[in-house]
Structure formats: structure tokens, C-alpha cells
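What Swiss-Prot says about this protein:
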COMPBIAS  68-90  compositional bias 'Gly residues'
COMPBIAS  217-226  compositional bias 'Basic and acidic residues'
COMPBIAS  227-237  compositional bias 'Basic residues'
DOMAIN    264-338  domain 'POU-specific'
MOD_RES   Ser343  phosphoserine
DNA_BIND  356-415  DNA-binding region
Amino acid sequence: MATAASNHYSLLTSSASIVHAEPPGGMQQGAGGYREAQSLQVQGDYGALQSNGHPLSHAHWITALSHGGSGGGGGGGGGGGGGGGGGGDGSPWSTSPLGQPDIKPSVVVQQGGRGDELHGPGALQQQHQQQQQQQQQQQQQQQQQQQQQQQRPPHLVHHAANNHPGPGAWRSAAAAAHLPPSMGASNGGLLYSQPSFTVNGMLGAGGQPAGLHHHGLRDAHDEPHHADHHPHPHSHPHQQPPPPPPPQGPPGHPGAHHDPHSDEDTPTSDDLEQFAKQFKQRRIKLGFTQADVGLALGTLYGNVFSQTTICRFEALQLSFKNMCKLKPLLNKWLEEADSSSGSPTSIDKIASQGRKRKKRTSIEVSVKGALESHFLKCPKPSAQEITSLADSLQLEKEVVRVWFCNRRQKEKRMTPPGGTLPGAEDVYGGSRDTPPHHGVQTPVQ
């Protein structure tokens, strides 16, 4: 058995380059380095599959074999026949290292020794018994796990592997490679569903390891999983079908939807243009202003419209919707105005009660010169001065007051911030006429 163990070590060294050659005294570093080298080699090479379709290379196969007989082989390294007996019980063709704990070799190194001296045959027997008990427990656990995996559906095995990854997940992947073909077929995606098959430890979307599913396996697993089962704890509720559309019947059916304005009542753009043209002509012929029409509509029908709205309606500047709303009201107003064109009616009374705006006051040239001369003397006269000036010029007091207000505003616009312009007296002489846009106007009452 010692020879077999040494051959086993030579195979590992030649095929996978896992164990480095050490001098005779190199055993003092402990057996943990040997185990760690194996683990690092297997974990690093798991990301690449062989060309023949098998997930394990030759080095991985030999490494998996080393887990089965490493307990006895390590003990028989330098102890002779006693250590060889320990290696015979742990067969190198073990079923699988699934869930196998990290067991260090049973070599006890003395301080300052060569590393091949043991404490005695009693310690070897005790260690051998412990190893046998541990192997029996591992075999029982493996059988239970295999039975549970056979009973589970494939998609549940896939989710269990992704939701509970552990430190020995890469070993479970190696165990899946040793499964017989019948078990691999019954378990579906067990081989490729382990979380250890990742690229340099990268995780897929959602924080779960990205499995290397084949396209056929992925489709076969995803379809029944999404169609029938959803074992995630935060599963989405089943989407309810959309509510049925409201019943639609013929136009006369009570369940049908009726538009307040049917297609027959909705005017076209040509109709609106023709009506606006006729309305404007009739309004001017009857002698009503746009403001009178807006006020009459507010008094008669409760909808107050401004002069601007009526103007925009006649110019076709409103939206189509607003034009359609305003057309029937204006049509009723036209009918009312045409029927009462010969006698004073409520429309005339409403128009007479509308906003009264005083006409523009025109001042004679001589009167304007007198106001200009008084303005140069006193730009802001008092109320008594305005009254006396209005009496002397035979003007209304309000007209004189408004003229002085407009004149002061004109002076502000024409005078720069530095002071008065030179020759202002000549500019504002009596022979000059005030521009028409600065004439006397009375305020709106």
C-alpha cells in the first residue's frame, strides 16, 4: 500500500502539477498545503469544459480520486506496513466527495524531527478508526442526498443549488460528474445547475451565479418552471386577465355610448367659416358691436363672452372645439336680433346698458395754445386753478384735468434724465399741434 500511495502521488505530480517537489524535510509545512493546492487547482480549472463534453479533465479526475484514498495514503507515507493498512479501507474509487469535510492527513510531526516518526501503533489505530467512522457517515449522507435529489423535480434542484451555495459547492459539481447516466437523466439539469460553474466567480443578474446551461437544457427547464411553478419567496402574483370591454351595441341600443354632440350636429370647418362671415355681416348691418354681442350672450344665456372672443370667432382664430361651442349661441342671438329688428327689444336695451365709452374730445388750436402756455408756467395746477382755467376756456373741468395729466406724461417721455431740453418753449409753442395719440381722453367709467 505504501508503494501504491507513492504511485498515486507521482500520478498527481505528473498530470496536474498539484503537489510540488519538496526536500526530505519539507513535511514540516504541514499537510494543509497539499489539500489547499488541490482545492485551488480544482476550483481554478472548473470554469472550462473539455472538448469531449465531460466537465472534468484528467487532472480533475485524478484529484477526485485522491479525496477517496488520501486519508490512508497520507498515513502510510513513511510508517511502513501499519500505515498501508489504513489506506486499504478508503478505496480510491469512492462514490463521490459530495459534502466531504476537509480532513488533514494523520501525520504527527515531532518538533525538530524528520517528519517520518510517529508516536506509536496505538495512535495509528485510533486515527484509522476515526477515519472509518467519518467515511461511513459521509457515505450515509451521500445516500440521503442522492435520494432527496431523485425525489425532487429538476427545476427545484436547480433553485435549491442557487439559493443555498456553500463552501463545498464545487465538490458537489464534481460528484455530479460521477453520477450514472440513469440518475443524470432523472435529475434533469443537476449537472449544469450548480453555482460553481461560473466565470472567475462572476455572478449573473439578480445576484445568483450564472449557470452554464445548454440551450436545449435551458429551454427545457425554463418553460415548465415559468409555466407551472414559481418557488421564489417573492413571487409575483398571477396576472389577472384584463376586464372585458364595455358592451357596444347598435346606435339605438341602450348600452351603446352616446356622444353629446353626434356627428350630424358637429359642423365642419367650411360651415364654421361660412357662418362666421355671415354673422359679421349681420352684426354690422344691425348696428351692434362685438362687445354688445358678448354682453348680450352673457345676459341672455348665462355665458359671458368678451369682445376679444367675438373678434377671434369672426377671424376664425379660436380652436375648432371652441368654435363649435360658440356657434349655436351666436346663431340664437342672430335669430333673436332678426326677429326684433323693427322694434326696440331686450337686445337693444342690453346694448344700451353696455359699456359706455365717451368719444374722443377734440380741442381747438387756440384753446390748446392757452393750455400749453399755462403748462409752461405751472405743469401741475391745483384743483382751483383747473376750475378757473376750464371756466375761462369754456371746457369741462375733467377735460382740463386729463389734458394736464397727459401733458406731464409726454414731458417725461421727451425729457432726458439730465434735465429739460434746450428750446423747450419753442417746441411746445402754441402754433404746434399735439400729436393725435396724446389728445385729451376721458377715463372709462
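Every residue, even glycine, has its Cβ placed from backbone N, Cα and C.
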Secondary structure of the DNA-binding region (356-415) by DSSP, residue by residue, totals 42 helix, 0 strand, 18 coil
For the DNA-binding region (356-415), what's the model's average pLDDT? 87
Could you count the residues of the domain 'POU-specific' (264-338) that DSSP puts in helix, in strand and in coil? 57 helix, 0 strand, 18 coil
